Structures are given as structure tokens and as C-alpha cells.
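As written in TrEMBL, here are the features:
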COMPBIAS  1-21  compositional bias 'Basic and acidic residues'
DOMAIN    62-247  domain 'Reticulon'
REGION    1-34  region 'Disordered'
TRANSMEM  73-88  transmembrane segment
TRANSMEM  94-113  transmembrane segment
TRANSMEM  167-194  transmembrane segment
Amino acid sequence: MAEHKEESLMEKIKEKLHDDSSSSDSDNEKSGSSAASSIKTKIYRLFGREQPVHKVLGGGKPADIFLWRNKKISGGVLAGATAIWVFFELMEYHLLTLACHCLILSLAILFLWSNATTFINKSPPHIPEVKIPEDLVVDIALSLRYELNRGFAVLREIASGRDLKKFLAVIAGLWVLSIIGSCCNFLTLFYIAFVTLHTVPVLYEKYEDKIDPFVEKATAEFKKHFAVFHAKVITKIPKAQLKDKKH
């Protein structure tokens, strides 16, 4: 009987040890899976963004239009921009001519309608009073002033010679814009940018899981080539000595 009790006691101890080891293994597996899931959540996003595309575009109605949340409104805006481009670019209409013709047509219709109501015994058309609010003009002027000052500050920083990488990027961007400007006028360039805003963000939002890995590989390859260029060319360029101003 004593031997039987000792054997049963040994079996219980072995079962306890087995249960402890299995629980520790399951805890390790859970911690490993949680670590793997945390690594998977750190996915590369274009331009290092941490917010959805809707938030990056500013949110609100403009972002809804660019991302085609309401297809009728987005299609109407794109159709209106296309009509304006056709009027001015293909039909070679001028802005002043179009504005004068629209005013002539609208004033003639309202004038005839107002005089015809006296003969047909109907109420004259209600012409709303249009006023531009002062607060809106002030807000637009302040926003424009802020953006212009920030642009001038960026240009001043680039011209100071402190950041060669930013200088080369701006020069390349301006050179590309000059080539595009020589091929088309400002209206066509504005229309291309407008169409791009209505197509590229919605396509990126739809296929971002495929685009982001491709951009990540392209960025890594570009950084590799730029490191070689930096080591062979940029490091050999003498840098201007910048003196700190003492106030």
C-alpha cells in the first residue's frame, strides 16, 4: 500500500510539472504571436503617413469629393472642370468674353421676365442680394499671407546653402515644372492637376496594400544609390562656413 501511494504521488507530481510546462509554452507562444502581430502592424505607408487618406487630404467635403464618397457630386465637379477646359482650351474662348456673354444672357432673361410679369399678372422674379462677407475676405487674406510667408521662408532656407539635399530636390522639381510648362499652358496644367486629384487618391486608397510595398522597395533602392552618390560626389564639395550670429 505504501508503494502504491508513493507511485500515485509521483504521478501527480509529473502531471503537475507537465501542466506547468505546457502553460509556460502557451504563454511563450502568445507572447511571440503578440510580438509578431505588433511587427505586422508597423506597415510602411507612403510618405510615412499614420492617418488614412481621407484625413491626409484634410477631411470634410473636399476630401469626400476627391475620394468619390458621393459619385454624383464628384462627377459633377469633374464634368464642370472639363467643360471649362473645353471652353477655354479647345474652343479658344477667352475669360472676359465668356463672362460678358454670360452676364448679357442672364441680364436679358431677368429683364424680360421682370417686364413680362406685368402683362401676365404674375409676381416678378426674386433676385437675391449678393454680398461678400468681410470675415471671409479677411480669413482668406490671412491664410494667403501665412502661406506666402512660409514659402518665402523655405526659399530663404534653401538659398542659404545649409541643406544640399533639399536644394537639389527643389531644383529638380522646378526643372520638371519648366519642361511641363513649355509643353502646355497654365490652364491645361491646372486641369491635369485637378484630374490627378480626382483619380490618384481614390486609386491609391483602393490599392494601397499593393502600392506601399512597391514604393518601399523603390525608396530603399533610391536611398542606396543616393548613398553612393553622396559618398562619391557630395562629400567632395566644399561646404560654406556658416557663422553663428551672436545676439
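Backbone N, Cα and C atoms are what each Cβ position is placed from, and that goes for glycine too.
In TrEMBL, annotation is done automatically, which means it is predicted and not curated.
Counting residues 6+ beyond its ends, the transmembrane segment (73-88) has Cβ neighbours under 8 Å at 64-66, 94-95, 98, 187-188, 191, 194-195, 198 in the same chain. Across the domain 'Reticulon' (62-247), mean pLDDT in this model comes to 85.
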